[in-house]
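One structure is given here, and the rest of the page talks about it.
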Amino acid sequence: MVADNGDEPDDDNNKLTLHVPETSHQISTDLNTFTYFFSNYVVFAAANVDLFGVFHYDSWFQAGFVLTTGINSVFVLGYSGTIMVPLGWVGGVVGLLLATAISLYANMLVAKLHEFDGKRHIRYRDLAGQIYGREAYYITWALQYVNLFMINIGYLILGGSALKAFYVLFNEEHTLKLPHFIAIEGVVCILFAISTPHLSSLRIWLGCSTVLSLIYIIVACVLATKDGLNAPPRDYTIHWTSTTSRIFSTIGASANLVFAFNTGMLPEIQATVRQPAVKNMLKALYFQFSVGVVPMYAVTFIGYWAYGSSTATYLLNSATGPLWVKASANISAFLQSVIALHIFASPAYEYLDTKFGITGSALKLKNIAFRILARGSYLTISTLVSAMLPFLGDFESLTGALSTFPLTFILANHMFLVAKKNKLSSLQQSWHWLNVGFFALMSVAATVTDEDEGVADIEITNSGLLRDVHALR
């Protein structure tokens, strides 16, 4: 069992006995509530909540549904523009299939390590700490929080894009720009975070989130299919300005590919699966990467088929159709992004609440003030970053480069290599070392590429701002 009296890992011959504090927020033990919560990207296990020995109830199908909803979030509305446009039909289709296969393989490695050394490891950092020692525990923790922060940046950009798309349906002057709507999204997220103090307070919102997801996925597919059938031949040409641009675009899109399938939180979800945990988790992964990817593939491929190289990074900006249909889809995407962001930000909220000893009623003036200060500050910083650099593709690829490649591919292969070294043949060891080296190079290359493309996007944005200023004069 895991003790409940701290969060510091203890060194004992490079092995960890992990201690998890009792969080100030008690999670409801109602199984239906728990299942609903997990069906919408459960990440609260990352926030110092002891699930060990408490929630080992879920079937493999429930876990598979969790993983499936994770890859079919509002981000699916961006993949036609951020993956297919820079890669084209051949590169995009082959890339998505390869990303599906390698992501399944990497997640299977992590799943097989869940009971390493005779223990169930409820968090990724616990597993890394058990295999490597104290330093790896904290490095993995940092990577996970960076990953969640970057995902939240993406939700802010997408939520702002959805709100802007709703606005332009009713206002032809377009006086407000995307950063304004990102700011509005940030304010709404702050209000939601303050008024939703406990994870168990999300009950009804999580059911709403599932319905909202179905609305924008169905609407996007239907409208794009209609537009594609009625449109003249589309241009699917990949527009590169140079060989360097081609290389950078391909590397950046590859980071977007792995971002689409991974959140770096697999052990946290596996902690809820009933025994045999490894076997059941593998079934869940097979479900996720077969049936579960169909909605994402549908939106991505139909969107690119319908609009070609002119596909917007937010798919509904390209779609045409009845005003009320587009309005409902955009509002659904906006609201879903608010709920999803709150879930992915919850580990940070829970850590701050536990760190500063926030206990008692959520309505106490002290607790309300703390939520306003702590959560408001976190989301204000996130919103400022999003509004200043509102480039969805750049943030997806940067997240892939800085956290997805290291967490899902480099760490997974190396952990498996270290944990199973005595049981692996020399050929198998060489294979895992090859994966570690290859994905390390991809991580570095994607980071450099994203910085270059980010600078280019900033320069384009600045030139556009200068033109606006001269026009005003």
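Note that Cβ sites are derived from N, Cα and C of the backbone, with glycine treated the same way.
The transmembrane segment annotation in TrEMBL covers 34-53 (among others).
Residues annotated as domain 'Amino acid transporter transmembrane' in TrEMBL: 58-447.
The feature transmembrane segment is assigned by TrEMBL to 60-81 (among others).
The transmembrane segment annotation in TrEMBL covers 87-110 (among others).
Under the heading transmembrane segment, TrEMBL lists 136-158 (among others).
Residues or ranges marked as transmembrane segment in TrEMBL: 178-197 (among others).
Long-range Cβ contacts of the transmembrane segment (204-225) within its own chain (Cβ-Cβ under 8 Å, at least 6 residues beyond either end) map to 36-37, 39-40, 69, 72-74, 76-77, 196, 295, 298-299, 302-303, 305-307, 315-316, 318-321, 325-326, 328-330, 332-333, 335-336, 339-340. Feature annotation from TrEMBL assigns transmembrane segment to 204-225 (among others).
Summarising the annotation, TrEMBL assigns transmembrane segment to 245-264 (among others).
Beyond the ends of the transmembrane segment (285-307), by six or more residues, the same chain brings 60-61, 64-65, 67-68, 71-72, 76-77, 79-81, 83-85, 89, 92-93, 96, 100-101, 103-104, 107-108, 111, 217, 220-221, 224-225, 227-228, 231, 234, 236, 260-261, 315, 318-319 to within a C-beta distance below 8 angstroms of the stretch. TrEMBL lists 285-307 (among others) with the feature transmembrane segment.
Here TrEMBL flags 327-352 (among others) as transmembrane segment.
Same-chain residues lying 6+ beyond the ends of the transmembrane segment (372-392) with a Cβ under 8 Å from its Cβ atoms: 78, 81-82, 149, 152-154, 156-158, 160-161, 178-179, 182-183, 185-187, 189-190, 193-194, 313-314, 345, 348-349, 352-353, 356, 454, 457-458. Residues or ranges marked as transmembrane segment in TrEMBL: 372-392 (among others).
Residues annotated as transmembrane segment in TrEMBL: 398-419 (among others).
According to TrEMBL, the feature transmembrane segment maps to 431-449 (among others).
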Contacting positions for the transmembrane segment (87-110) when only residues 6+ beyond its ends and CB under 8 Å are counted: 124, 127, 236-238, 249-250, 253-254, 257-258, 260-262, 266-267, 282, 285-286, 288-289, 293, 297, 300-301, 304, 408-409, 412-413, 415-416
Chain residues outside the transmembrane segment (178-197) and at least six past its termini with a C-beta under 8 angstroms from it: 25, 156-157, 159-161, 163-164, 167, 205, 334, 337-339, 341-342, 345, 349, 362, 367-368, 371-372, 375-376, 379-380, 382-383, 386-388, 390
